[in-house]
Amino acid sequence: MERLGREVRASLQRLSEQSKKDGQHTVTFKTRESTTRDEATGEEEQLPIEEELTSGSKQESSNKDYEEQGNSFAALRKRIQHRRLQETSQRQRSCTRTETTQGVEDWDAKEPEVFLGTYFVPHVYITGLPQDVTNKQIKLVFSKSGQIKTIGGTEQVYVYPMSLNGFKCASVEYTSTKEATQAICDFNNKALFIFQHHPIKVDY
């Protein structure tokens, strides 16, 4: 009986120790489970923060790109406006020159005999002509610049009998000062075959 009692007590002690060990394992498991759950929760909380930081960085980059584009567009708009102002100014200057030129030409055509308070007839003087030059040759050349004036059926072309430095002189009268001016532009300082390639002088 006594031995049986000792065996029962020993069995009860083993059961008690085993029960304590099982309790410790349970607490340890629960602790580990809680730690794992807390870590997972922390990662989930950290993930939205990282997403917010990434989103904020993208927004800042987008804002910078938008500002750069806005600056480029503003600079381009200024260049276009400057170019338009230049073109407008050039057109205005061109129109002013055209109107001024037309006004002078019309004034000359209406009153060819008066210019700056002096008598000014629409004719030109020619020097440097060869000694054997004829009226016909002069008419042939200078009629290309305009209509030669005719009085009594005779065209107003005249070769002077005297010479100047070994060359002949002549005059041609046109119907307008515009034609006389054109003749000066066409033939002054020109060396023509019909005049033996000697440069002639044409002036008012």
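Note: Cβ is positioned from N, Cα and C throughout, glycine not excepted.
Annotation comment: TrEMBL describes 17-40 as compositional bias 'Basic and acidic residues'. Annotation source TrEMBL lists compositional bias 'Acidic residues' at 41-53. Sequence annotations record features per position, and here TrEMBL assigns compositional bias 'Polar residues' to 87-103. Per TrEMBL, domain 'RRM' is recorded for 122-204. Summarising the annotation, TrEMBL assigns region 'Disordered' to 1-69, 83-104.
Residue counts for the domain 'RRM' (122-204) by DSSP state, with H, G and I taken as helix and E and B as strand, are 22 helix, 33 strand, 28 coil.
Note on the domain 'RRM' (122-204): its mean pLDDT in the predicted model is 92.
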